[in-house]
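Working notes, beginning with the structure itself.
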Amino acid sequence: MTLPAFITWDFDPVLFTLFGHPIVWYGLLFALGLIILGPWIEKKMWEHEKLDSKWFESLAVYVFVGTIVGARLGHVLFYDPAYYLANPAKIFVTWEGGLASHGGTIGIIIACWLYSRRVTRKSILWVLDRLAVPTGIVAAMIRLGNLTNSEIFGRPTTLPWGFRFIRSEEYRHLVPNMDMGCHPTQIYEALCYLAVFALCMWLYWKRDAARRYSGLIVGVFLTGIFLSRFIIERIKIVQEPWELKLIESVGLNMGQLLSIPFVLAGIWLIIRAVKNPITQKLS
């Protein structure tokens, strides 16, 4: 009997070592998205609209802090509160891993609310519409970082593109004989996020949606990102053991439950924007 030609994923997560400290691909890809690609695209948008450059500099700081703090606290509160309640000092040990995208999104929204009140004096939707455009590519880079870490993958599959994550202890426990691959959900999500990014770019650059429909771009972003997340979560392995009881009781895991409010908010924003286009003359 011939086994399917699964893809053996034996990627070293460590890029190099600097002064005894490992520099990992995940951190590089995270930085590539959050510090380089995202801000570069955002700056081009700022120049296109001839906005105050000081606004852009302030936005970068607000978003960076909101992303890191929100993502970390999201992981602490949503996925392992008991552990961090018993070990509060571990909350600050971010280099050991543990960032939640739902928490990061909440952190960004709070940061944008503060930014809109203190810096631009414009509505939070004005800020979010412009920030949502490059965020999809940032999210895709983070998921590719998860791939380099051989983490957050899917259930076993007989499909030929299944990945054998042989560096993952979790995979070896799940598939002891390593005779099956698992869904590379990191790639699935990255592709979905890139599609959302492309759609948001089209809305901004080709349809001038940020100035014509308040809330449309961020609505499309929230709906696209978190609907794809909701669907792909169906084939992911659980991140925490207690999620099994959650699935037994409500049929959904934590990632799916947290995605629902964002999808609903996104749909509402899209409907609101289409029904109430901005009518004033554009400069």
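Just so it is clear, glycine is given a Cβ too, placed from its N, Cα and C backbone atoms.
Look at Swiss-Prot and you will find 18-38, 59-79, 91-111, 124-144, 185-205, 213-233, 251-271 tagged as transmembrane segment, backed by sequence analysis.
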Stretch of maximal Cβ-Cβ contact with the transmembrane segment (251-271) [cut-off: under 8 Å; candidates 18-38, 59-79, 185-205]: 59-79
Leading contact stretch, 18-38, 59-79, 91-111, 213-233 vs the transmembrane segment (185-205) - CB distance under 8 Å: 213-233
